[in-house]
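Undergrad: According to TrEMBL, the protein has these features:
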- 85-108: transmembrane segment (TRANSMEM)
- 199-220: transmembrane segment (TRANSMEM)
- 226-244: transmembrane segment (TRANSMEM)
- 304-324: transmembrane segment (TRANSMEM)
- 418-442: transmembrane segment (TRANSMEM)
- 448-471: transmembrane segment (TRANSMEM)
- 540-567: transmembrane segment (TRANSMEM)
- 587-608: transmembrane segment (TRANSMEM)
- 655-677: transmembrane segment (TRANSMEM)
- 769-793: transmembrane segment (TRANSMEM)
- 813-833: transmembrane segment (TRANSMEM)
- 872-897: transmembrane segment (TRANSMEM)
Amino acid sequence: MMIKIPFTFLIQQQKKMEGPQVPLLLNQETSHDFDNTTTIIEEIKRQLRLAVPLIAVNILQYCLQVISIMFVGHLGELSLSGASMATSFASVTGFSVLLGMGSALETLCGQAYGAKQHHMLGIYTQRAMLVLLSLSILLLLIWFNTSTILIACGQDRDISNEAGQFNRWMIPGLFAYGILQCLNRFLQTQNIVMPMMLTSGFTALSHILICWIFVFKIGLGSKGAALANAISYWINVFLLAGYVKFSPACRKTWTGFSKEALDDILDFIKLAIPSAVMICFEYWSFEMVVLLSGLLPNPKLETSVLSISLNTCWMVYMVSVGLGGAISTRVSNELGAGRPQGARLALHVVVIVAISVGLIIATTTILVRFVWGKLYSNEEEVIKYVAKILPLLALSDFLDGFQCVLSGAARGCGWQKLCAFINLGAYYVVGLPSSVLFAFVFDTGGLGLWMGIICALLVQNVALIAINICTNWDKEGLLVKEKLLEENNIEVRDEEVKWDVIWMEIKRIGYLAGPMASVTLSQYLLQVISMMMVGHLGQLYLSSTAIAVSLATVTGLTLLLGMASALETLCGQAYGAKQYKKIGTQTYTAIFSLFIVCIPLSMLWIYIGRLLVFIGQDPHISHEAGRFIMCLIPTLFGTAALQPLVRYYLMQSMILPLIISSCVTIAIHVPLCWLLVYHTSFKNIGAAFAMDISIWLNVTILASYMSLEGWSFEFIVLLSGLLPNPELETSVFLNTIATLYSIPYGLSSAVSTRVSNELGAGNPQRARISVFTVMLLTVMEAILISATLFGFRNIFGFIYSSEMEVVNYVAKIAPLLSLSVIMDALQASLSGVARGCGWQHIGAYVNLASFYLFGIPIAILLGFWLELRGKGLWIGILCGATLQTILLSIITSFTNWKKQAEMAKERLLEVK
């Protein structure tokens, strides 16, 4: 995004800064400084300080959906299927869009922060909120018609109706989600991640109680879970907003609402749209795989298992998201500070971390494959199928995590457009066609669908790796310098790569990624917990809930998440440039914009049930999914507020509010979901209400904290609804992968923050170190998680369902899940790098190619043609994730960090 700013305005803003104005000088270190062990160790420490909290934040925030799905799952098969379908639809049509657009702040805020243009972080954030709230109004219309859309897509009528009802009740959460994404990026780019982790934890804890009350005690069923989601998102938003408002840590970056937020909104949208496309292409591909699974024989089984797998994949992905956020922050900050070699070092570190984490997660996924399905269902068929597909999931997780880190670095550099093209090619040119080929032509069933996703991930990773390898970090730093030189006299510095610098970068990444992953995971766990509870009500409830949640993710939540991610660029670079005022302004803008987007999305969610029936989904599942997603409408608005708030804190490295809100929300969501699902007449709808409440609780906590202190995996759910047993295929897999994804997502956010901060500060080499550090952490995390998941595969399914069919299926698919964990971790960290550099457009192309041109086609081929059913679908996804990781790795490897720093500074100089 290129926002022009008059030179006279720069002079005025310079005079407004407190204290003596000291030019931002370049480090006087030579180019060999980064070879020092101390430098490397220091970078590792920095990234760990970012990544660990970000991972916690992502996990805790994602737990909101997971918890709701768990509660709804115990209401019965229909409720679970409807809620799952609604959640998936919401993710595709709402959450992924908001998330993607919000990620633009990783570039803007990260580089501004690195350049010490602190006031610009607030301006960027407010502008992003405005755009995301406006977009949420449009997304609301989509959510309001969720059932109609799902029926039109051939989904089961009952599940579609249930999903439509779920999303309508979750519409308020749409607005909160958009705001939350902006706040997350705002804080992340400032390395303020602990508040994010605490608020996410509080929101997640609160969501349990809220979900239980609405689902079981009040008797709203799945509607209660959707409402709980919306409430929890808003709780998180309010907590983060409160922290931003009153915290001394945000005093420089948040100076109150400003008219500047209304300026150059179109320029922000230019960066936010590629950011949204970058994320949505990947999210939507997964939802399309789920939709294709509904066309397979025994659609209830296919959709239920793929839902379990996809949820598991997303859960693991939260870790990679944390790494991606960390590297995005580090890269943008270093480039903004005029240290291109620092950005390069950060990238190297985070890549190693991402590989490590991905291997760990993949191994864990394989180990728990025989028990994982038991968490979602009591049916033996489901449990066995899950165990069969989890190995593919492990591979996809590894690839996904790797690309997430590379994408984070891209965001830090401002490469959103490039990443968008990569995702487009990876998922829609390679992934989806491969899924169709494997599932329908080769008759591999769900396994084939997932194979297509793996192919997409492979393409995506290859592209991103190529881009990063070719990156000239010195040139990136010079580009940032040109943007900021007139205002801050920032020069690009050649720094020596030392081990102590690398270690410090690891600590910084961990400091950001941990809370961010916990926040994201806690938010997604709302869906997972809701599905788990609904799953024990029967296959129909489980399948419908899974479809509803998947659709909610595709049609709303991911949209909000994607749009809010624009704040990772805006706020991160603004914070790195010390333009603190712009951080708050951009956050407000993002929340307002996401609220507007939630309005049309909520309208779409109302007709989801009818749409599912129209597209050929099972009528019973479609009806329940429509009901469930209609009840998730409050969650839509809550997400619109929550996502900007999360970015707001994240870009400033303020992790405490995020952790608090996430922990509290997840803690409340579990008992709340249990109460609403089992002790009220709501049954599966209670899980939706619980999600609504929990989301708004999270928003409230974050907003209060601020006041007190100063789209591809989801398509798998849709495809699984077309499989022979949609009730079984829909839920567990999706929730598991999504929950685990919070860890790499935390790393992704951390590296996005670090990269954007360093690029904004004119430190390209430090940005490079951040990437290197986060990839190291990602590899370790992927290995650990995948191994654990594989080891517990025989019992994991019991968490979501009491049906042995589900438990056995989960255990059967666990090996795939473990592989997905590894790929997810890698791609997540790489995506974080992309966001930190502002490469959202590149990430979008990578995701398009990896998942829609490679992964999903393979998934369809294996799932339908080869009759591998859910396992085939997941293999396709795994293929897409692998390709995605490869592409992102290539892009990152060729990155010129000095050039990225220069570009970041040019961007900041042109921003008003």
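Every residue gets a Cβ built from N, Cα and C, even glycine.
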Undergrad: Which range wins on Cβ pairs under 8 Å with the transmembrane segment (85-108): 304-324, 587-608, 872-897?
TA: 587-608
Undergrad: Given the transmembrane segment (226-244), which of the listed stretches 304-324, 655-677, 769-793 has the most Cβ pairs that are under 8 Å apart from it?
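TA: Checked against 304-324, 655-677, 769-793; highest Cβ contact count belongs to 655-677.
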Undergrad: The transmembrane segment (304-324) vs the transmembrane segment (813-833): three or more C-beta pairs under 8 Å (separation of 6 or more)?
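TA: In contact, yes.
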Undergrad: Do the transmembrane segment (418-442) and the transmembrane segment (448-471) come together with 3 or more C-beta pairs under 8 Å, pairs six or more apart in sequence?
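TA: Between the transmembrane segment (448-471) and the transmembrane segment (418-442), which are separate recorded stretches, there is contact, as judged by 3 or more close Cβ pairs.
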Undergrad: Under an 8 Å Cβ to Cβ limit, what residues of the same chain, 6 or more beyond the ends of the transmembrane segment (655-677), are close to it?
TA: 53-54, 56-57, 59-61, 63-64, 67-68, 70-72, 74-75, 184, 187, 191-221, 224-225, 228, 232, 235-236, 239-240, 242-244, 247, 511-512, 514-516, 518-519, 521-523, 525-526, 529-530, 533-534, 537, 646, 649, 683-684, 686-687, 689-691, 693-695, 697-698, 701-702, 705-706, 709
Undergrad: Mind pulling out the one from 199-220, 448-471, 540-567, 872-897 with the most Cβ pairs under 8 angstroms to the transmembrane segment (813-833)?
TA: 872-897
Undergrad: Same chain only, please: residues at least 6 beyond the ends of the transmembrane segment (199-220) with a C-beta under 8 Å from a C-beta of the stretch. Say none if there are none.
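TA: Counting only partners 6 or more residues beyond its ends, the transmembrane segment (199-220) has Cβ contacts under 8 Å with 56-57, 60-61, 63-64, 67-68, 71-72, 75, 227-229, 231-233, 235-236, 239-240, 243, 515, 518-523, 525-526, 529-530, 533-534, 631, 646, 649, 657-695, 697-699, 701-702, 705.
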Undergrad: With a Cβ cut-off under 8 Å, give me the same-chain residues at least six positions beyond the ends of the transmembrane segment (872-897) that come close to it.
TA: 282, 285-286, 289-290, 292-293, 302, 306, 309-310, 313, 331, 334-335, 340-341, 343-344, 347, 351, 389, 392-393, 395-403, 405-407, 409-410, 413, 415, 418-419, 422-423, 426-427, 430-432, 434-435, 438-439, 442, 444-477, 712-713, 716, 719-720, 723, 729, 733, 759, 764-765, 767-768, 771, 813, 816-817, 819-820, 823-824, 826-827, 830-831, 833-834, 837, 839, 842-843, 846-847, 849-851, 854-864, 866
Undergrad: Can you work out which residues elsewhere in the same chain, 6+ from the ends of the transmembrane segment (540-567), have a Cβ less than 8 Å from its Cβ atoms?
TA: 1, 65, 68-69, 72-109, 124-125, 128, 131-132, 135-136, 139, 142-143, 146, 149-150, 155-156, 158-160, 162-164, 166-167, 170, 174, 177-186, 189, 222, 225-226, 268, 271-272, 275-280, 283-284, 286-287, 290, 300, 303-304, 307-308, 310-311, 376-377, 411, 416, 527, 530-531, 534, 586-587, 590, 593-594, 597-598, 601-602, 604-605, 608, 612, 617-618, 620-629, 632, 635-636, 639-640, 643-644, 646-648, 651, 683-684, 687-688, 711, 714-718, 720-721, 725-732, 734-735, 738, 800-801, 806, 835, 840
